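This report refers to the structure that appears directly beneath it.
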């Protein structure tokens, strides 16, 4: 069984057929920033694309710049400040026609608080690095600014506890690609309705991403969680492929997409090896994630405007809303 994404990868298929087995958690109290602005944010936020200012942290990275390109097309306002490493602090970069000043770690809070004063209906989009996920989320919650967390990694349990305690609106998802999220949702439904349907089956997982991706695929982890609910045995070892030569020759990644791709394959086999299933989703480029991120921003703006009781959302919530562009 092949559940296929953008590219059918015969080399990877053959490889599997030939060798299937080959911060802290303290409760967070929001400070005066959020208390001072809560009513202003609700009254001024709209869902019109051109009325939502966004601050893209990690703006000169691959994903950050892709989001800015998508935001330009959607008519969102790109704010002229972004967080980056200390070595880039003070630099001004141009990203698809937007001049943005980079601010280092030492000035993050003062910069964000000042920007939030000027743009009380802003939303932060975070595409930084895994090691900064929790620190950045702490800051957003401390200032009280809503955010979309597209960066993977970090301690996700602490992340959710921090946001929940702060009552800040946020979309948090390890996967921003809408179609991939729909596949994940289908997996969740199957796991919920047919528990242990694959009891006794073993699972082998391979994922290939650009060499610069430091952490294991969050999407793979989410799919594996569903398979475990279906009764599958898994040793928690995901084969990460980051070598460009292997990606081309064994996985089938087009050379022009070595710098930006996400290929996943999940191989299940019965205890006697007479039955096997394969699920595959392959993505070339980053536009699918950038477009999903913009949908998440507009979704979050709508929730803030409506004073929704729920504060923390994921991309499945965005899909269920049905207002994607």
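The backbone N, Cα and C atoms fix where each Cβ goes, and this holds for glycine too.
Marked as domain 'Dihydrodipicolinate reductase N-terminal' by TrEMBL: 53-176. Annotation comment: TrEMBL describes 180-319 as domain 'Dihydrodipicolinate reductase C-terminal'.
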For the domain 'Dihydrodipicolinate reductase N-terminal' (53-176), the mean pLDDT of the predicted model: 96
Secondary structure content, the domain 'Dihydrodipicolinate reductase C-terminal' (180-319) (per DSSP, counts of residues): 61 helix, 33 strand, 46 coil
